[in-house]
Amino acid sequence: MCYGKCARCIGHSLVGLALLCIAANILLYFPNGETKYASENHLSRFVWFFSGIVGGGLLMLLPAFVFIGLEQDDCCGCCGHENCGKRCAMLSSVLAALIGIAGSGYCVIVAALGLAEGPLCLDSLGQWNYTFASTEGQYLLDTSTWSECTEPKHIVEWNVSLFSILLALGGIEFILCLIQVINGVLGGICGFCCSHQQQYDC
């Protein structure tokens, strides 16, 4: 098995997932495509935690690019630097993977909390509050109660959909980074898939 190619595949996957996380988080700021709720601070508190933008997004790009740089055409060096041994590079990628695990874990936790608490919305009494906070997430199974939120329109569906997407994307990122931890340790201990001659030339 070529540990470098595996890392590169994981890296490219993480880039795509990170961009999707950023997009999903940005959409949370604009229910129904409107900007007034963000400017009036009538959004769920967990939207402002930037879990998709920072945790599952920008923070995930660091390990992603590290993983991509591990697999070179000549199979020598570390991220283009020939004076860095391949095994050392694979072991160092474990640290980058741990950063990814922290970022994706943050994304998953915040998304789960956002789903459990529900959106900030205008209720039938004309007050802005977390209508479903006391249900401990049970509102997710009872869609008939979603109409209790009168404004923004369809805010429950909006929040549930996007936080669920962030939860899923963050979970996939977490698994991929965990796989890279194992891949990095095995690659560092067992070496790359290069021939002995290539390893000597390095």
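One-based numbering along the chain as shown.
Heads up, the Cβ atoms here are built off N, Cα and C, so glycines get one too.
Taken from Swiss-Prot, the feature topological domain 'Cytoplasmic' covers 1-9 (among others), and the record attributes it to a curator's inference.
Residues or ranges marked as transmembrane segment by Swiss-Prot: 10-30 (among others). Tertiary neighbourhood of the transmembrane segment (10-30): same-chain residues 37-38, 43-44, 47, 50-53, 55-58, 60-61, 63-70, 100, 107, 158-159, 162-163, 165-166, 169-170, 172-173, 176-177, 179-180, 183, selected by CB-CB distance under 8 Å and a gap of 6+ residues from either end.
For 31-49 (among others), the entry in Swiss-Prot reads topological domain 'Extracellular', with the evidence type a curator's inference. Averaged across the topological domain 'Extracellular' (31-49), pLDDT for the predicted model comes to 95.
If one looks beyond the transmembrane segment (50-70) by at least 6 residues along the same chain, the residues whose Cβ comes under 8 Å of a Cβ in the stretch are 4, 7-8, 10-12, 14-15, 17-19, 21-22, 24-26, 28, 78-80, 89-90, 93, 96-97, 99-100, 102-107, 109-111, 114, 166, 169-170, 173, 177, 180. If you look up Swiss-Prot, you'll see 50-70 (among others) marked as transmembrane segment.
Residues annotated as topological domain 'Cytoplasmic' in Swiss-Prot: 71-93 (among others).
Sequence-distant neighbours of the transmembrane segment (94-114) (same chain, 6+ residues past either end, Cβ-Cβ under 8 Å): 14, 21, 44, 46-47, 49, 51-52, 54-56, 59-60, 62-64, 66-67, 159, 163-164, 166-167, 169-171, 173-174, 176-178, 180-181, 184-185, 188. The transmembrane segment annotation in Swiss-Prot covers 94-114 (among others), and the record cites a curator's inference as its basis.
If you look up Swiss-Prot, you'll see 115-161 (among others) marked as topological domain 'Extracellular'.
The N-linked glycosylation site annotation in Swiss-Prot covers ASN129 (among others) and rests on sequence analysis. According to DSSP, ASN129 (N-linked glycosylation site) is assigned to a strand segment.
The annotation N-linked glycosylation site is assigned in Swiss-Prot to ASN159 (among others). Non-local neighbourhood of ASN159 (N-linked glycosylation site): LEU28, SER44, GLY114, LEU115, GLY118, PRO119, each in the same chain, at least six residues away, with C-beta under 8 Å from its C-beta.
Listed by sequence, the residues of this chain that lie at least six past the ends of the transmembrane segment (162-182) yet keep a Cβ under 8 A from its Cβ atoms are 7, 10, 13-14, 17-18, 20-21, 24-25, 27-28, 46, 51-52, 55-56, 60, 63, 67, 93-94, 96-98, 100-101, 103-108, 110-112, 114-115. The transmembrane segment annotation in Swiss-Prot covers 162-182 (among others).
The topological domain 'Cytoplasmic' annotation in Swiss-Prot covers 183-202 (among others) and rests on a curator's inference.
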Non-local residues, at least 6 beyond the ends, that sit with Cβ under 8 Å of the topological domain 'Extracellular' (31-49): 25, 110-111, 113-114, 117-122, 128, 130, 152-155, 158-159, 163
Per DSSP, three-state class assigned to ASN159 (N-linked glycosylation site): helix
